[in-house]
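S.K.: Pulled from TrEMBL, these are the listed features:
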ACT_SITE  109  active site, charge relay system
ACT_SITE  139  active site, charge relay system
ACT_SITE  212  active site, charge relay system
BINDING   109, 139, 210, 211, 212  substrate binding site
DOMAIN    251-320  domain 'PDZ'
DOMAIN    385-461  domain 'PDZ'
């Protein structure tokens, strides 16, 4: 017991001696970090009624109604008495200087729709900034202020940082300028919804509103990321924050500085994770890669012969460990280049050559096939299927050429275990198009008991694979 007490007393002292000292790093880099405040001008004229539940629209009321008369009097466009005062919305954020002539990198959401951008430096100088360009997809913006010999940050390589390394952020959380917070790298190559072209760095550095656009430093005082997002259910920091890797950010900045816009390569596929059950159904030893759920028509993937059910393992020499790793690798490739793509197909590795196009503003999704007519029930699977008639296509909002079988019901069993839901359309079984209920029955009957078979399912306008266990 005595030995245990001594250990408990000594351990905190040993840990404290190993903690890094950030003071020199902060002193050297703070001059290159800026506070950004913006103004978004609100239009003058008729004031807009707030959306209050149960409040009628004055335009829907008859002439002479007291409430309509009141609104016409006080909300009219004409006359100084009725015009509402002009109100300017303001926001705060952070940024950092990347060149001595005054280029500044920040988040797009910090300066979006701004009528005026004011930059304040560490020495209290204040400047008006010009928006050079912005990239919505990466949530990055490039600003420019007039200046010479301005303090700048040094950039590092986020690819070299390891999970568990110390990192530091400087920003203006809630307007408290030049606040310093520290933490560690929690994970790398995180993919977030609607942000899947960015392999985020995940940290536990305290990031709050106002930190957006500020730098994330490594222990060498180099910027390795742009603080961008937090994961929160309260609006404040809850231990999870995300930063855009500096390599991607600087590439965007260079493109914005050179041409005012950003181009990305495009493969033209819809992907999903390879689960353990799906890996088994595809004959893979373990879950890895990005599973192709859909190939978009007239896309580079379609031209190269990539098919739904292929699992991308490598792209242009880069390993694809998960589905989240593929989009940023594709996005950073050169538009027009031809690259090798290694896929797993029918249990064998194949290499396909893909010529990449530029990512369009709206990469739409479509499907295809032919109609069926037979009804069918599969009690052993807990599954009821129906033919995909023209009426059912309309009811489900599907295109006329979509092919497959409609899931009319799920009653437990392997279908429920696989995640199949009523309204799903089964388009392929074990990579083969579904030719009808009886054909589906024959395919299932030929499967070995206990095996998992991949089903390509259409749901809510997108495609995904589900692994169905054969009882």
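Placement of Cβ uses the backbone N, Cα and C atoms for every residue, glycine included.
Map these features onto the structure and tell me what's around them.
M.R.: In sequence order, 93, 139, 212 are the residues near residue 109 (active site, charge relay system), counting only same-chain partners six or more apart with C-beta under 8 A. According to DSSP, residue 109 (active site, charge relay system) is assigned to a helical segment.
When secondary structure is read from DSSP and collapsed to three states, residue 139 (active site, charge relay system) falls in the coil class. Residue 139 (active site, charge relay system) counts 23 other C-beta atoms within 10 Å of its own C-beta, drawing on all protein chains shown.
Counting every protein chain shown, the number of other Cβ atoms lying within 10 Å of the Cβ of residue 212 (active site, charge relay system) is 27.
Cβ environment of residue 211 (substrate binding site): 93, 94, 169, 171, 172, 173, 179, 181, 227 lie under 8 Å away, each six or more residues apart in the same chain. Secondary structure at residue 211 (substrate binding site), as computed by DSSP, is coil.
Per-residue confidence over the domain 'PDZ' (251-320) averages out at a pLDDT of 91.
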S.K.: So around the substrate site, 109, 139, 210, 211, 212 aside, which residues have their CB within 8 A of the centroid of those CB atoms?
M.R.: 93, 94, 106, 107, 110, 209, 213, 214, 227, 228, 229
S.K.: Taking DSSP states H, G and I as helix and E and B as strand, how many residues of the domain 'PDZ' (385-461) are helix, strand and coil?
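M.R.: Across the domain 'PDZ' (385-461), the residues distribute as 22 helix, 24 strand, 31 coil.
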